[in-house]
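Trainee: Attaching a single structure in structure tokens format; questions to follow.
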Amino acid sequence: MSSFSYEPYYSTSYKRRYVETPRVHISSVRSGYSTARSAYSSYSAPVSSSLSVRRSYSSSSGSLMPSLENLDLSQVAAISNDLKSIRTQEKAQLQDLNDRFASFIERVHELEQQNKVLEAELLVLRQKHSEPSRFRALYEQEIRDLRLAAEDATNEKQALQGEREGLEETLRNLQARYEEEVLSREDAEGRLMEARKGADEAALARAELEKRIDSLMDEISFLKKVHEEEIAELQAQIQYAQISVEMDVTKPDLSAALKDIRAQYEKLAAKNMQNAEEWFKSRFTVLTESAAKNTDAVRAAKDEVSESRRLLKAKTLEIEACRGMNEALEKQLQELEDKQNADISAMQDTINKLENELRTTKSEMARYLKEYQDLLNVKMALDIEIAAYRKLLEGEETRLSFTSVGSITSGYSQSSQVFGRSAYGGLQTSSYLMSTRSFPSYYTSHVQEEQIEVEETIEAAKAEEAKDEPPSEGEAEEEEKDKEEAEEEEAAEEEEAAKEESEEAKEEEEGGEGEEGEETKEAEEEEKKVEGAGEEQAAKKKD
């Protein structure tokens, strides 16, 4: 019976407590947080050792199973005691491991939360420091683009000017050629006039020669008529003489004499006819030669006139072509000049617009920086108030342990009224930032560094604006006044800081043993300082 009761205990409760529990724990570890595996695995050696013990024990128990019937109750009690001690040890180790694992998980969660907080702060700081640089990079890129556009426009203008000079040189060459053609035309016109005069003279000479030919032909015809009439008269006389001789003189024979006379007259007539024909032929040849010469001269003059007209027409066409080319080039040059002027004016308008946008953006950036500085001053004032109230509360708490309840309530009401006035004064002006004594020196130095950085960025932006636009005389005087006022304010702040440091040193030497009266006096002095600083700033603003 004991053997049957021992085996179920070993098979169920032992496995459930020593095997299933670590498995459930490990599965929860995997699902809960994966980063703790290394930590858990580093501390899981006892579990494996316990498992090895269980395996060895189970193997030994398996080997002892046939002889369990021979065991007595004392051996069973010893084995159960050993198992209980092993269970308690393993349970303690598992509890330790669970506790350490829970602590590791809590630590990891804390580190993750801290990491998230630090990442948020880093993101905020990066945004704060990257916004001005991003704007600056954008405007610098825009300025570079505008400068490149201006350089391109200048290069294009120079190229157009070179092209214009080339066109002007071509125009001058064409004008010189035109003048040469005009001179050659005038010369040709002069030669044409001379040729026309020669042609007119040749025509007149030809007309005169034709008239002389007509007169000579008339004279020839007249001489022929006269010659024929003379021949007729001579024949009539000869016939009459023959008749009269035949009638009157019958004695002598006159036929021979008449024949001689007729022969003489015929010879004389033939000679005269021959002389007249020779004279006519010579005269006709002379007139023909002169007419031919005049015809050749007229033909040459006509040819020269036609050639001159042809040359004049060609030169006129060439002059018209040059004139059209000149007009086209002048029109193209005017269009190029108009286009260039329009492009330059458009680029200038764009540059002016971008400069105005840059100027407005710089002014907005300066305004934003100023607002940021004001907000920073307000934040510092609020931090100072919080620190002052904290110090008051700490002082009140320390005072509560030594004073009665009535004195604590009265002192607390008086101190709260005093510090309420001081807090109101701190909100009114930013000079309260450097006049408090309860603010930590490290935080004040850090805030002063931030203020200095903001002022440097504002001064750099103003310097860039001053470089972009030359200041006038009134602006230069205002800038000098602003610089003097800034130097005076810095000197006053340095003096106040030195006074505060000396007062803080005195307070540290005194060991913080101030009472309510001293605190009220200090608060009143701080209020007076704040009011004096506010009045000084108001007077400066009025000036």
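Any Cβ shown, glycine's included, is placed from N, Cα and C.
Straight out of Swiss-Prot:
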{"type": "REGION", "residues": "2-92", "note": "region 'Head'"}
{"type": "MOD_RES", "residues": "Ser2", "note": "N-acetylserine"}
{"type": "CARBOHYD", "residues": "Thr21", "note": "O-linked glycosylation site"}
{"type": "CARBOHYD", "residues": "Ser27", "note": "O-linked glycosylation site"}
{"type": "MOD_RES", "residues": "Tyr43", "note": "phosphotyrosine"}
{"type": "MOD_RES", "residues": "Ser56", "note": "phosphoserine"}
{"type": "MOD_RES", "residues": "Ser67", "note": "phosphoserine"}
{"type": "REGION", "residues": "93-124", "note": "region 'Coil 1A'"}
{"type": "MOD_RES", "residues": "Ser103", "note": "phosphoserine"}
{"type": "REGION", "residues": "125-137", "note": "region 'Linker 1'"}
{"type": "REGION", "residues": "138-234", "note": "region 'Coil 1B'"}
{"type": "REGION", "residues": "253-271", "note": "region 'Coil 2A'"}
{"type": "REGION", "residues": "272-280", "note": "region 'Linker 2'"}
{"type": "REGION", "residues": "281-396", "note": "region 'Coil 2B'"}
{"type": "REGION", "residues": "381-391", "note": "region 'Epitope'"}
{"type": "REGION", "residues": "397-443", "note": "region 'Tail, subdomain A'"}
{"type": "REGION", "residues": "397-543", "note": "region 'Tail'"}
{"type": "REGION", "residues": "444-543", "note": "region 'Tail, subdomain B (acidic)'"}
{"type": "REGION", "residues": "462-543", "note": "region 'Disordered'"}
{"type": "COMPBIAS", "residues": "471-525", "note": "compositional bias 'Acidic residues'"}
{"type": "MOD_RES", "residues": "Ser472", "note": "phosphoserine"}
{"type": "MOD_RES", "residues": "Ser502", "note": "phosphoserine"}
{"type": "MOD_RES", "residues": "Thr520", "note": "phosphothreonine"}
{"type": "COMPBIAS", "residues": "526-543", "note": "compositional bias 'Basic and acidic residues'"}
Trainee: Hey, would you say the region 'Coil 2B' (281-396) packs against the region 'Coil 1B' (138-234), going by three or more CB pairs under 8 A that are 6+ residues apart?
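Mentor: They do touch: at least three Cβ pairs between the two stretches lie under 8 Å.
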Trainee: When you scan the chain for residues with a C-beta under 8 Å from the region 'Linker 2' (272-280), skipping those not six or more beyond its ends, what do you find?
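Mentor: Non-local partners: 216, 220, 223, 227.
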Trainee: Summarise the model confidence on the region 'Coil 1A' (93-124) as a single mean pLDDT, whole number.
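Mentor: Average per-residue pLDDT within the region 'Coil 1A' (93-124): 85.
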Trainee: Using all protein chains in view, find how many other C-beta atoms are within 10 Å of the C-beta of Ser103 (phosphoserine).
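Mentor: 11, counting other Cβ atoms within 10 Å of Ser103 (phosphoserine).
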